[in-house]
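Engineer: So TrEMBL lists these for the protein:
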SIGNAL    1-23  signal peptide
TRANSMEM  102-122  transmembrane segment
TRANSMEM  134-159  transmembrane segment
TRANSMEM  171-194  transmembrane segment
TRANSMEM  246-264  transmembrane segment
TRANSMEM  276-296  transmembrane segment
TRANSMEM  326-344  transmembrane segment
TRANSMEM  364-382  transmembrane segment
TRANSMEM  426-450  transmembrane segment
TRANSMEM  471-490  transmembrane segment
TRANSMEM  496-517  transmembrane segment
TRANSMEM  529-549  transmembrane segment
TRANSMEM  602-624  transmembrane segment
Amino acid sequence: MFATEATILKLLTLCALAHSINAHALSSQGPVSVPISPEQKYLVVRGESGSPASDASEEHLVFNNAATMLLQSFKAQQKAAADGLEECSEPKHKATFSGFDYVILLSMLAISLGIGIFYGFFQKGGSSSNEFLLGSEMSIFPVTLSLTTSFITAIELLGNPSEMYFQGTQFVLIVLPMIMVIPVAVKIFYPIYFKMELTSCYEYLGIRFGKEIRILGAVLYVIQMCFYTAVAVLAPAIALSKATGLDTKIAVILIYVVCVFYSSQGGMKAVVIADSFQAAVLAVSLVLIVGLGTYYSGTPVQIFTAAAEHDRLEFFNFDANPTTRHTVWSVVIGGFFYWTSLFCTNQASVQKCMSLKSLRLAKIALGFAILGLIAVFLLNFYTGLMVFTNYAGCDPLTVGRITASDQLLPFYVISTYEHISTVAGIFVAGIFAASLGTVASALNSLSAVTCEDLLVNGMNIKISPEKGATYAKWMSLGFGIASFGLVFIVEHLGGVLQATLTLNGLIGGVTLGLFVLGIACKQANTKGAFYGGLLSLALVIFVGVVAQISSVEEPALPLSIGECNCRVNVTGLIENLLTEKMSPLPAKESGFTSWPIFHLSYMWYSMIGCLLTVFLGWLISLIIDAIQRRNVLKITGKGIDNLAVSPDVFKSESPVLSTPAQPVTLAHQSEPVENSSTEAKGHLNLAIRIDDE
């Protein structure tokens, strides 16, 4: 009888809630019914939606009283039935680090510090800025490993499994554009960099367009990488905090102290060698987790079967709607522009390739680095499906075991393999290793950009080769402190994966557009590139910010808590339904925020920024060129009024040519303009000359 009463109470509660959710508001003018949105969870009658409680109808008050009574009875029955089970959100036992785990993590950090100490204080060389920033002809193997780890951070290690778990496998196609980037990099971009013997890739923008564009590219890179490093540090801090209970801020400080020290003291050699060591730690961590998961979570067949049964497998979503978050088009096409900006116009990548002896070695290193990156990503994606199989019946986020999606993988490792000594330490060490490599590379590249592009070129500060390394070390330290401050802003941006891809898309796409404009458009000039770049940057940032403000979080795929071996606090949800203030029917979105462009997938931002920069830069260049031609024609329209100008100028059939660096004036045209003379055209475009060769 007792069980029967409990069942009846549960059924009555469910019926009452179903009635409230699916009820219809009765119009005061008649029996016409209007559908109620999911946000309105009450029985609403006589048009009282949004009315205060004091004005509610008698039917509504009676329903609330009955539902409250049923809820109290349901709570009592649930408590009696759940005796002996702990609350899911408040487990009595929480897995923590053991002494062996701390030894492993601290050993990895100590070795990274030791590498910086060795190259900073005991290794000969590195006293000049060129040796400090480029490492003077590094060998191919460590550079390849360093390139691979540059873009394998905790952002991917925590974000990719979470993406597979909550949204499915469509994002796996991001590995395809990585392959597509290889021919573009080795055939177009890096031959230009090596023939010009650049330290900073933004030197090309200075040679092609002038000083202003070089400074613009450098400033954009500084902003982009400062935020990027902040995210790369915050993610492992979250992992360590979840694993050990250590405060996130303390974990952030620990990472920055180690990373800033060895990158600022040892230079590029210390960064590359430390990256090689950290790549080995990362590889051991990934293989260990996947291997143990095969035993504890399921074989590959079981994992893919579970993913298919719960609608996690999706590879061929050809939806042409650009607002769909992940489709074949957005991931492959948008991803191509994203990875091109990272590998071809990002100083951290270019600087490591330029540290090699030749272009041939740089091509080999870049190709193998991208293949290694693909392998790590695929393992990481598989880990996400493995975690989903383990928690298919009891989602830890729903029941309150974790508070954010990015904590999913650390929670899985710490709780599932707690009884296996050192696994947690190796896992967290792998996350730290990946992030340390990325941040160190970023700080070293920021030093190069600041010294070469902003101080020497922008402010005309003379830096001798002997003092160059000292300047670079202080720059690394300064950027490390600045990035540390940005951590406290980044932590409020939500999921680390989408936040980072959005940021890199907004700024990296515009930077890529400036390079493409210089290489592909011979008509482009300095003013066109400058104003086109600034206008494009303003537009994409405006779109991105408005989209972030007005966007609605993508709902996760169905999750289950039906097989939890703990007590789930479902009555809290029911209480919210009863006590939540009634809200009116949501108004249809209107105004400019309803425009489709503000609902685009974040994967399109890189492509939009690049193409918009190229188009506006080209268009503005043509307009400026036409205005300058017209001004010259106005001077010459009434005949030759300037005796200092040779009459041959006006007999020449050559078009009037001008560049921003050296505008064409009558004083400069004392000789006839020859079509074959490259020097007469103003700025020398080395990219075009290389292309002609």
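A Cβ is built for glycine as well, from the same backbone N, Cα and C atoms used for every other residue.
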Engineer: State the non-local partners of the transmembrane segment (276-296) in its own chain: residues 6+ outside its ends, Cβ under 8 Å from one of its Cβ atoms.
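Structural biologist: That would be 108, 111-112, 115, 141-142, 145-146, 148-149, 152, 376, 379-380, 382-383, 386-387, 390, 413, 416-417, 420, 423, 426-427, 429-431, 433-434, 436-437.
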Engineer: Between the transmembrane segment (171-194) and the transmembrane segment (364-382), are there at least three Cβ pairs closer than 8 Å, leaving out pairs fewer than 6 positions apart?
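Structural biologist: Answer yes, regions in contact.
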Engineer: For the transmembrane segment (364-382) and the transmembrane segment (471-490), does the number of C-beta pairs under 8 Å, pairs 6 or more apart in sequence, reach 3 or more?
Structural biologist: no
Engineer: At least three Cβ pairs under 8 Å linking the transmembrane segment (426-450) and the transmembrane segment (326-344), pairs spaced 6 or more in sequence?
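Structural biologist: In this chain the transmembrane segment (426-450) does not contact the transmembrane segment (326-344) - fewer than 3 Cβ pairs sit under 8 Å.
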Engineer: Quick check: do the transmembrane segment (602-624) and the transmembrane segment (246-264) share at least 3 Cβ pairs under 8 Å, counting only pairs 6+ apart in sequence?
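Structural biologist: Checked: the transmembrane segment (602-624) vs the transmembrane segment (246-264), no contact.
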Engineer: If we call contact 3 or more Cβ pairs under 8 Å (sequence gap 6 or more), are the transmembrane segment (102-122) and the transmembrane segment (246-264) touching?
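Structural biologist: The transmembrane segment (246-264) and the transmembrane segment (102-122): touching, yes.
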